[in-house]
Amino acid sequence: MTRIVVVGSGVVGITNAYCLLKKDPSNEVTIVSQNFPTDFEFKKVYTSPIAGANWASFATPEDKFVQEIDTVGYYKFQDLIKNRPEAGVTARKDINYVTKEKFAKDGHAKKFPWFAYGQIGTDCGFRELDASEFDNNKFEYGFEYDGLVIRTSYYMTFLINECWRLSGASEGPKARFSLRRGSVKKLSEAFDLHASGRRADVIVNCTGLLARELEDLEPEERSKIYPVRGVVYVVKNTTGVKKVTIVEIDKEDESLYLMPRREGEMIIGGCFQKNEESRYVDPSLRERILGRCSYYLPQFNWKNLEIVREQVGFRPYREGGYRIERKGRIVHCYGTGGAGYQSSWGCAEKVLKLVSQVGSGSKL
Ligand SMILES: Cc1cc2nc3c(=O)[nH]c(=O)nc-3n(C[C@H](O)[C@H](O)[C@H](O)COP(=O)(O)OP(=O)(O)OC[C@H]3O[C@@H](n4cnc5c(N)ncnc54)[C@H](O)[C@@H]3O)c2cc1C
């Protein structure tokens, strides 16, 4: 039996908890977190509920580590679409347009993602758009593939329910899964927070951006973690948009993305503002993001667009990329930046291996 405390209840922590319970029936998992997906509001950073979210791997052609992680995610989400319609993951075509200005900035070279080639490319029907399929005055090229949209809080709640199901009992001595609301200043405190009342064997650190506040993380490590702010609008989808639609423009920190959810709302983003920590959104940003909808995609109906909510989120980036690493009895899993959903299943596979190196009773 291995007693595990997962610190953090974002998509990374919950997916890890689920995989740990599923992998080994003797694992007992407690999630300790200051926020949970069903919370109505959160005063501290909690990124996962704010995301779109889709699968669009950002790995470079050379980055085999992230490619491997994202590949796991692509097939896992396809499996959920097929077999678990209640998970909150919906199949959607993912269509991408590249503006003429972006093409010029890229040195007049078409840039297709790494997954266009190979197995995923075949399985997702990746194809370049024909020139007749877009406005040639604005766009240079485009591509499309079988993608998906995740309804984020709903999906995380589904995963928590799956954890209860695997637990075998919701309470009492037979329960293998528990949730505890709480905040730790140091990861070492979490060893004493296992629901069994006994000392945990392993801690899995899934604190996202707030990892930088943990007092027992090395100062150099803490300084590597930084936010990239995103602002999204949850709107009623009266526009006619049915595909995840992305317009790549020539700005480093802005683009346009639309994620129509099955439930009738749509997420409109985006911006990527490094080290911007404010929750205040300048009205001019909103005008730019929403203005791009009617400029680049006039074929849809943007009149009387009803904005339900404006959401500000902070992507948990880390210099050097993801930290999936074991230090003694602590396994770190954070720094997933703008890719926490698509990478969650692949990261969890790696975490499983690291946790199994510790096990219970080992002298690490
Ligand atoms: C606008 C926007 C759009 C995005 N779109 C996508 C997308 O389309 N696809 C995609 O894959 N990704 C997307 N992302 C990125 C994705 O949302 C993040 O990578 C992911 O949510 C990070 O998850 P996490 O679990 O690491 O962190 P979080 O969701 O922030 O969770 C951290 C958890 O740890 C808890 N915690 C932190 N510190 C402590 C502590 N000391 N004690 C106790 N608990 C603690 C928090 O309460 C929280 O529960 C987007 C992000 C944004 C902002």
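Placed from the backbone N, Cα and C atoms, the Cβ positions cover glycine too.
Annotation comment: TrEMBL describes 3-351 as domain 'FAD dependent oxidoreductase'.
The FAD binding site feature in TrEMBL is assigned to Thr47, Ser48, Thr207. For Thr47 (FAD binding site), the same-chain residues that are 6 or more apart in sequence and have a Cβ closer than 8 Å to its Cβ are Gly10, Gly208, Leu209, Gly313, Phe314, Arg315, Pro316, Gly340.
Long-range Cβ proximity for Gly338 (D-dopa binding site), meaning a same-chain Cβ under 8 A and a gap of 6 or more residues, is found for Phe58, Val228, Gly230, Phe272, Arg315, Tyr317. DSSP assigns Gly338 (D-dopa binding site) to a helix in the three-state reduction. The D-dopa binding site feature in TrEMBL is assigned to Arg315, Gly338.
Note: the FAD site is recorded as Thr47, Ser48, Thr207; in the same chain, Gly8, Gly10, Val11, Val12, Gly13, Val45, Tyr46, Cys206, Gly208, Leu209, Leu210, Pro316, Gly340 also have Cβ atoms within 8 Å of that site's Cβ centroid.
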